[in-house]
Amino acid sequence: MTVMGEKGMGSLEGVILAGGAGRRMGGVAKGLLPFAGAPLIRTISERMASRCKTVALVVATQRQAQELGGLGLPTRLDWLPGSGPLSALHIALLEAQEPLVWVSACDMPFVSPHAADWMAERLEASGANAIVPRVSGRLHPLQAIYRPECVLHSQSCLAQEERRMMALLEAVKPCVAEEEELRRAGIDTSFVTNINTPDDYARIAPH
Ligand SMILES: Nc1nc2c(ncn2[C@@H]2O[C@H](COP(=O)(O)OP(=O)(O)OP(=O)(O)O)[C@@H](O)[C@H]2O)c(=O)[nH]1
């Protein structure tokens, strides 16, 4: 099997969206929550780095850039500051250096290189411009892979003041990685699990 995202092949670039306000978590920077002995973003970035030439953060404000600066990752600012994940994805696509951009939210501790390999290969075979997993009936556009060409659609959504990730998906028409086929490929679908609330954190974080 050709592993499209294998380090060295230079096809995958990792991007972690980390500019959310984390209101449901009480306004803390979710990416800095301790998880398995390290800040969540470090856990995520290390997993992504096993497949990506670079892993960068996208944040909404200079203050967040400073707050997360200690992690030592290259950091970009949103296209339209604080306009949600679509504007963050837009700048990542606009500045992409590699043919595939692997996007993760900063609150997804089980991000999976195995899932990324599989989705990258499936995306290459499909001819689509993006691949998005669907687990428990829900699409997960913040744990997905996009071609930089999707920037035309993110640009057009933002120009129309459309900020929903689902609007982007409607325009991009991604290939969908269905739960069943992910499982058949031996992939643990917890890679789409995210942490929104203190209850989620208490349930998911290892004790
Ligand atoms: N760069 C950037 N990232 C964002 C923005 N809004 C949300 N995100 C990121 O997108 C992912 C999903 O965000 P949500 O959990 O839906 O929103 P949140 O603001 O983090 O949390 P809530 O305020 O509780 O909704 C997280 O990784 C966020 O950090 C934004 O405006 N800019």
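Positions of Cβ are set from backbone N, Cα and C atoms, glycine also.
Residues annotated as GTP binding site in TrEMBL: Leu17, Ala18, Gly19, Lys30, Asp78, Asp107. Residue density at Asp78 (GTP binding site): 23 other Cβ atoms are found within 10 A of its Cβ, drawing on all protein chains shown.
Under the heading Mg(2+) binding site, TrEMBL lists Asp107. On its own chain, Asp107 (GTP binding site) has Gly20, Lys30, Gly31, Leu40, Asn194, Ile195, Asn196 as residues at least 6 apart in sequence with a Cβ closer than 8 Å to its own Cβ.
Among the features that TrEMBL reports, domain 'MobA-like NTP transferase' is placed at 14-170.
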Using a Cβ cut-off under 8 Å and a sequence separation of 6 or more, which residues in the same chain sit near Gly19 (GTP binding site)? Val58, Val59, Ala60, Thr61, Gln64, Asp78, Pro81, Gly82, Ala88
For Ala18 (GTP binding site), list the number of other Cβ atoms lying within 10 Å of its Cβ atom. 30
Close in space, distant in sequence - Leu17 (GTP binding site), Cβ under 8 Å, 6 or more apart: Leu57, Val58, Pro85, Ala88, Leu89, Ala92, Val103, Ser104, Ala105, Cys106, Leu142
